Amino acid sequence: MSVKDEDVRQKICLALDVSSIKDVGELIKQSIDYVGTYKVGKELFISHGLDAFKEIHRYEKNIFLDLKLHDIPNTVENASRAIVKHNVKMFTIHALGGSEMIKASSKGISAGAKLYANTPPLILGVTILTSFNNANLKEILIKQNINSSTLHLAKIALENGCAGIVCSAKDLLFLRPTLGNDIFYATPGIETGPKNNLDQKRTANPYEAISNNSSLIIIGRSIINSKEREDTLRTIFEEVRCALKDKSYPNEFRE
Ligand code: C5P
């Protein structure tokens, strides 16, 4: 059985961590055949705000707004309501903001969906950042280890209105059996080719992430800093295709 190109694309998100719209256009043109979702994070949003959305909407691709909201409930509710206006597919909040803040975000998107007559985006709760290890947690006075902190935050997120979480692809091995399969699992910290992301501590390669049942792999610098972007994209695409294929033949009867 062959895996459809669109199914592969739907698993790949390119983090547009650049500060010019010209670079955004260039990256989208180079990657359009390989990527289903484009992520707008702090660098691009602070540089160009809504023009970044306009550029991505031109290509009819999904937008992932990654501002990782973390504030008092009222502020997050109103920001979440405003996000609905912009037709993004998903956006992030920090699960560390707690249950009241997460509920407020959920209330915000329900109000926004009515106000702007748009489909409400998925709220994704960021658990423990992929740049964190146990030593980093200790520094900010979190005494539990990474796995139990991640599971705890994921539960808070999902019980209070998040449709999914952001975690390391390695975390899926213990999260999926506990949290189930009806949840959207977005996984940054993806490594491929020469090491570009030294700040990321809990990483996985594209094949491993998809084999662990990631819903969406998020990749930035490995593509953006690559001297041969299209080659890198093609390699990632084929690795994802291969992992999807191997998953559908989980035994010796593979083609
Ligand atoms: O360049 P790299 O592939 O490490 O980029 C990862 C992207 O995913 C960055 O835009 C980063 O902000 C984002 N991200 C992350 N870890 C999270 C959530 C989002 O690295 N937990």
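Keep in mind that glycine also has a Cβ here, set from the backbone N, Cα and C atoms.
Heads up, TrEMBL stuff is auto-annotated, nobody curated it.
Positions annotated as domain 'Orotidine 5'-phosphate decarboxylase' by TrEMBL: 11-236. According to TrEMBL, the substrate binding site annotation covers D17, K39, T130, Q200, G220, R221. What TrEMBL lists as active site, for OMPdecase activity is D66, K68, D71.
Locations of recorded TrEMBL features on the structure.
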residue: D17; record: substrate binding site; DSSP class: coil
residue: K39; record: substrate binding site; DSSP class: strand
residue: D66; record: active site, for OMPdecase activity; DSSP class: strand
residue: D71; record: active site, for OMPdecase activity; DSSP class: coil
residue: T130; record: substrate binding site; DSSP class: coil
residue: Q200; record: substrate binding site; DSSP class: coil
residue: G220; record: substrate binding site; DSSP class: coil
**Report entry** substrate site, defined by D17, K39, T130, Q200, G220, R221: further same-chain residues with Cβ within 8 Å of the Cβ centre
**Finding:** A15, G41, P188, G189, I190, N197, I218, I219
Query raised in the report: K39 (substrate binding site) to D66 (active site, for OMPdecase activity): how many Å between their Cα atoms?
Result: 7
Query raised in the report: Do any of the recorded positions D17, K68, Q200, G220, R221 touch ligand 1, in the sense that the CB is under 6 Å from one of its atoms?
Result: D17, Q200, G220, R221
Query raised in the report: Which is it, of D17, D66, D71: the one of these recorded positions whose Cβ has the most other Cβ atoms within 10 Å?
Result: D66
**Report entry** Largest inter-residue Cα distance among D17, K39, T130, Q200, G220, R221 [record-listed substrate binders, Å]
**Finding:** 17
Query raised in the report: Rounded to the nearest angstrom, how far is the Cα of D66 (active site, for OMPdecase activity) from the Cα of Q200 (substrate binding site)?
Result: 17
Requested in this report: Quick one: pull the CA-CA distance for T130 (substrate binding site) versus D71 (active site, for OMPdecase activity), whole Å only.
Outcome: 21
Requested in this report: Would you pick out, from the recorded positions K39, K68, R221, the residue whose Cβ has the largest number of other Cβ atoms within 10 Å?
Outcome: K39
Report task. Pop the Cα-Cα gap between D66 (active site, for OMPdecase activity) and G220 (substrate binding site) into the table, whole Å please. Result -> 13
Query raised in the report: How big is the gap, in Å, between the Cα of D17 (substrate binding site) and that of D71 (active site, for OMPdecase activity), rounded to a whole number?
Result: 23
Query raised in the report: T130, Q200: which of these binding-site residues has the highest Cβ count within 10 Å of its own Cβ?
Result: T130
